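What TrEMBL says about this one:
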- 35-188: domain 'Yip1' (DOMAIN)
- 48-67: transmembrane segment (TRANSMEM)
- 79-100: transmembrane segment (TRANSMEM)
- 112-132: transmembrane segment (TRANSMEM)
- 138-161: transmembrane segment (TRANSMEM)
- 173-192: transmembrane segment (TRANSMEM)
């Protein structure tokens, strides 16, 4: 009887909406900190969610959106294209990891790959601010430096979480698609120019 009472007390069904939202926001913030300071930890894998990756993907897609009214002639990626590239890439990497014999669940991998887009989202924000200045070679070099640093940060953060889930002789095969995934996103950020 006491175990049922404890189970009822720890249930989130009788929790207020505000408490639920604050608990989830704190969990997302903790996972952001794990990405900002990557270290080998199972916390991000154990308590996975898709709220942070969804927020980061939407933010990145909105920042990559061009500002013109006639969006068919601007030549840049549309919101849906960015969204599909991010999620299709994450699903492909997850399937690759599972096929290589990784011991990580599908949603855990999606969670890690999605949260590790945080440095690239910060890079996009910095690039948008740098693009407010006069365009030129210095402007491009600053953007290139920021994107390269944040690209490396995303790779290091994701491999810190995913490397232990792969068999030792197949780690390179699992990391290479991760490299390509973040490279494509970095390329979209670097080649972005406002109208």
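Backbone N, Cα and C define each Cβ position, glycine as well.
Remember, TrEMBL labels are computer predictions, not curated facts.
Long-range contacts of the transmembrane segment (48-67) within its own chain (CB-CB distance under 8 A, at least 6 residues past either end) are made by residues 24, 27-28, 31-32, 74, 76-79, 82-83, 86-87, 90, 105, 107-108, 110-115, 117-118, 120-121, 124-125, 128, 185, 188-189, 192, 194-195. This prediction places the mean pLDDT of the domain 'Yip1' (35-188) at 85.
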